[in-house]
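If you look up Swiss-Prot, you'll see Cys64-Cys70, Cys68-Cys77, Cys322-Cys355 marked as disulfide bond. Residues annotated as O-linked glycosylation site in Swiss-Prot: Ser42, Ser48. Taken from Swiss-Prot, the feature N-linked glycosylation site applies to Asn271, Asn312, supported by sequence analysis. According to Swiss-Prot, the feature repeat 'LRR 1' maps to 83-103. Under the heading repeat 'LRR 2', Swiss-Prot lists 104-127. According to Swiss-Prot, the feature repeat 'LRR 3' maps to 128-151. Under the heading repeat 'LRR 4', Swiss-Prot lists 152-172. The repeat 'LRR 5' annotation in Swiss-Prot covers 173-196. Annotated repeat 'LRR 6' per Swiss-Prot: 197-221, in sequence order. Annotated repeat 'LRR 7' per Swiss-Prot: 222-242, in sequence order. Here Swiss-Prot flags 243-266 as repeat 'LRR 8'. The repeat 'LRR 9' feature in Swiss-Prot is assigned to 267-290. Per Swiss-Prot, repeat 'LRR 10' is recorded for 291-313. What Swiss-Prot lists as repeat 'LRR 11' is 314-343. Among the features that Swiss-Prot reports, repeat 'LRR 12' is placed at 344-369. Annotation comment: Swiss-Prot describes 1-16 as signal peptide.
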Amino acid sequence: MCPLWLLTLLLALSQALPFEQKGFWDFTLDDGLLMMNDEEASGSDTTSGVPDLDSVTPTFSAMCPFGCHCHLRVVQCSDLGLKTVPKEISPDTTLLDLQNNDISELRKDDFKGLQHLYALVLVNNKISKIHEKAFSPLRKLQKLYISKNHLVEIPPNLPSSLVELRIHDNRIRKVPKGVFSGLRNMNCIEMGGNPLENSGFEPGAFDGLKLNYLRISEAKLTGIPKDLPETLNELHLDHNKIQAIELEDLLRYSKLYRLGLGHNQIRMIENGSLSFLPTLRELHLDNNKLSRVPAGLPDLKLLQVVYLHSNNITKVGINDFCPMGFGVKRAYYNGISLFNNPVPYWEVQPATFRCVTDRLAIQFGNYKK
């Protein structure tokens, strides 16, 4: 049975889900974490990435920092009021949880000998200073969660093995060119909740990255950044101050299948802007200041979900969502939200939603002046 402390850890870390929408239980069982010998499972010489927890015999290392809990290769030292990274951490540790402490600095040798570490959780500390070689021993680190700290810059010399970086809710104002140099494996960055403006991104700041997912929400952006990785599948820029989408703003991002622009101040989307997104499946434009349905939606053959609620839309035309003729759209809508708009829904023609899978997928009404 899973110990209570481990269950609490898993539940706590599953609050901020990455783009794959995986809970922390999946994350903990990822390749390289709670590994078991396949000999115990199938008799072969290879290892399994997802062990059968009922058949795993708990192993406790003789090295466990005072006050921490150590189980398998997980070291949990959260909520202890720690001022520094503890010593005596077993070198075979794959997950080190140090969240909710008072750590203010990461020193050169804090992670010395932890060459097998796969995930490092430093969320909700007071970290403002990181030695340039602090992460050097972490040659297998893939997940670094360092959100809710006092950082004013992206940490230098991040491990080249890094796949996922969560650095939201810090004090970062600038992303300089070269800060992500050498991070060829990185595919997910969460950096919302920082006071970033458009001018804070130096040209070439994301050069070399092949990201699938990027979130820069709750920042100070006034427009869509034009120099983000063109490999992006998901881009979330919600809760900013974006006022318009101009023709070439999305030109670079033709591989997007999910775009989040909710809770901005968007009044205008230039005609043709959305035509650069042929693979788009989900579009969030809720809580803006749009007065009409954006042009170009019928041409997005794979679009399935559109959030347009809480805008100023007063009219919905018969061809605003669906292309004329049958067989043109490759995927039908399964979600269109239009509630909290001043549109008289009783005047909308039924044929407007001829390419929607079910009438329950359409949300109208609840407008308040």
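A Cβ is built for glycine as well, from the same backbone N, Cα and C atoms used for every other residue.
Reported as a whole number, the C-alpha separation between Cys355 (disulfide bond) and Cys64 (disulfide bond) equals 59 Å. When Cβ-Cβ distances below 8 Å are used as the criterion, the repeat 'LRR 11' (314-343) is approached by residues 281, 286, 291-293, 297-299, 301-308, 349, 351-358, 361-369 of the same chain, each at least six residues removed from its ends.
DSSP assignment over the repeat 'LRR 5' (173-196) gives 0 helix, 4 strand, 20 coil. When Cβ-Cβ distances below 8 Å are used as the criterion, the repeat 'LRR 10' (291-313) is approached by residues 257, 262, 267, 269, 271-275, 277-285, 319-324, 328-343, 363 of the same chain, each at least six residues removed from its ends.
A simple way to gauge crowding: the CB of Asn271 (N-linked glycosylation site) has 11 other CB atoms within 10 angstroms, across all the protein chains here. Other C-beta atoms found within 10 angstroms of the C-beta of Asn312 (N-linked glycosylation site) number 13, with every protein chain shown included.
Cα of Cys77 (disulfide bond) to Cα of Cys322 (disulfide bond): a span of 54 Å. Asn312 (N-linked glycosylation site) sits 53 Å from Cys68 (disulfide bond), taking the CA atoms of both as reference points. Cys68 (disulfide bond) counts 19 other C-beta atoms within 10 Å of its own C-beta, drawing on all protein chains shown. Here the repeat 'LRR 3' (128-151) has Cβ contacts under 8 Å with residues 13, 16, 27, 32, 99, 104-108, 110-122, 157-159, 161-172, 185, 190, 193 of the same chain, all six or more residues outside its ends.
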